[in-house]
Amino acid sequence: MAPKFEWWAKGNNNNTRKGTPVVVKMENPNNWSMVELESPSHDDFLVRTHEKSRNKNARQLTWVLLLKAHRAAGCLTSLGSALFALGTAVRRRIAAGRTDIEISSSGVGSLQKQNHTKKSKLFYSCLKVFLWLSLILLGFEIAAYFKGWSFGTSKLQLQFIFNKGFFDWVYTRWVLLRVEYLAPPLQFLANGCIVLFLVQSLDRLILCLGCFWIRFKKIKPVPKPDSISDLESGDNGAFLPMVLVQIPMCNEKEVYQQSIAAVCNLDWPKGKILIQILDDSDDPITQSLIKEEVHKWQKLGARIVYRHRVNREGYKAGNLKSAMNCSYVKDYEFVAIFDADFQPLPDFLKKTIPHFKDNEEIGLVQARWSFVNKEENLLTRLQNINLAFHFEVEQQVNSVFLNFFGFNGTAGVWRIKALEDSGGWLERTTVEDMDIAVRAHLHGWKFVFLNDVECQCELPESYEAYRKQQHRWHSGPMQLFRLCLPAVIKSKISIGKKFNLIFLFFLLRKLILPFYSFTLFCIILPMTMFVPEAELPAWVVCYIPATMSFLNILPAPKSFPFIVPYLLFENTMSVTKFNAMVSGLFQLGSAYEWVVTKKSGRSSEGDLAALVEKDEKTTKHQRGVSAPETEAEKKAEKTKRKKKKHNRIYMKELSLAFLLLTAATRSLLSAQGIHFYFLLFQGISFLLVGLDLIGEQVE
């Protein structure tokens, strides 16, 4: 007879678990999550029947499934709401958009600008022809795919197709054409671009290794200890030379107050500093506002003067050249230059000027830029990645190992003797900063880059402003290369420096980079989808670009989540850079066009913002509490209220977007996985940029 366990159940009645319940955690009504679910314990089987246990488990499982379904429905609802909101925003921005072709055609400008518009339309027409051709070829390939023809069919296998009809004959001839005539030159061009790509990747890798070596060895420019200690102690024998501060500006009423307040609060003896506000504005309201700001600081005791040119030729270079011709400039030894949106900290001069002491070979000390709006939107985040690599790696490595780098045009201190020895500011290009740096290098002057001295500024927040800035930055170097190549060859600098200047500084980093980036990823890669006999390896399309993007993002580690958008956006910008490079190389009209980068007037971080606020309060107190606003301020406020924001529709980018998406469809038929995903996401990236859905809208 089987033993009875009733006595055991009675003795352990208080300690026996009757089964583990379902524990459900509810953070909010739309977010349910199950934490724990266990089957009844072994002891429960001793006191409860199997039938009750099965019923309870079924009920528990039903509740869990219902909760999971509720959570999934909540996620789908949230996703649908987000997509609907995104679609509404896209529709609203596109409805208010205007194409760049319409805008460029509507404006009446000089003959050079009209010629540039014609060349731009020609480039756009070529892209449209390429797009329509790809759509026709895609139709052929889809028809062939459903007929079951192999995309890699050889000549011998194609002979049986000749008698099947006109379409079969046309497709057969197309395959023979691409095998015998199109694939070989396309593969040759692809191989050439791959070689350029590898050379540029090697250059970037060497720069990164140089940066790692600098960090490992803790190498950085250090001024002589006595010059720093003299400045800190206020010794009468301290190195306190006469310093001229220049702020060139043109119709930049959003930022003039911040920059003027910043330079007027530089920590330097009042008798040894003079501030020049070089206003090239053609707007009377802006001129009045800047004059009033200068007059306010003059009342507060700052040595500041306002200059406005009658003859406004030469853009920024002409403005600086005119200011250097003033008679009192001969009394000054150094000149610090800041753009209108730059806000140096009070100790800027005390950190830069000491590097000149007892070293007559140093002609320039350049500080690093930092950005007050780097997290404003996706566009500013991607720009921050680029510029962080430029300063942390390129400028620092070239400074340490070569004593030469391109002057950034602002946040730098020049020895006036070096400027005069190099020929001063010239208006022959739109990159006057690079021009003077190259000429100073040819005359033997050395440069110092300070990675630990930062000067705050703004990044362009709209794609239109960023696009114009990049066009100027990439067309100017090609102009300069054509003009200064004979001088570089005839100069007395070493062969190694000539090689670095010609092949690395100009050709590789200014010409080859935008050329191969656009040609390889926007032209050759889509063509290889329709001419599969020419191939691009997967490591060229995916692995090496991903590695290079990883290296680029190292100086800005907080931006690591944006590595994929950064890679796609850089390829998207290759259209603008390639167009600018061609304009500068062949002296097209747009290469001579200077457009002031649009500013938003964002305040800097920390004490400077409080300082500006304090200065504004002081000004209001001086005017009187009941004093009315000036006429210029009223007009500026009225003009600001009239401004409306709109979108730009960029037709070239849209054409390339549809071209890449068409090529992605073709690669899907060939089952090329990596190529398909790259073309798909790159096409979407071009589509977003073409519809101006990245960055702020333009006023």
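Keep in mind that glycine also has a Cβ here, set from the backbone N, Cα and C atoms.
In Swiss-Prot, the feature ubiquitin cross-link is attached to one residue out of K52, K617, K643, namely K617. Per Swiss-Prot, the residue from the list K113, K620, K638 bearing the note ubiquitin cross-link is K620. Outside the transmembrane segment (674-694), and at least 6 residues removed from its termini, the chain residues within Cβ reach (under 8 Å) are 90, 93-94, 97, 377-379, 463-464, 521, 525-526, 529, 536, 538, 541-542, 564-565, 568-569, 571-572, 647-654, 656-661, 663-664, 667-668. If you take the Cα of D433 (active site) and the Cα of D280 (active site), they are about 18 angstrom apart, rounded to a whole number. Counting Cβ pairs closer than 8 Å to the transmembrane segment (126-146), the top stretch among 194-214, 536-556, 649-668 is 649-668. Long-range Cβ contacts of the transmembrane segment (536-556) within its own chain (Cβ-Cβ under 8 Å, at least 6 residues beyond either end) map to 190, 194, 197-198, 201, 204-205, 208, 211, 384-386, 388-389, 391-393, 520-521, 524-525, 528, 562-563, 566-567, 570, 674-675, 678.
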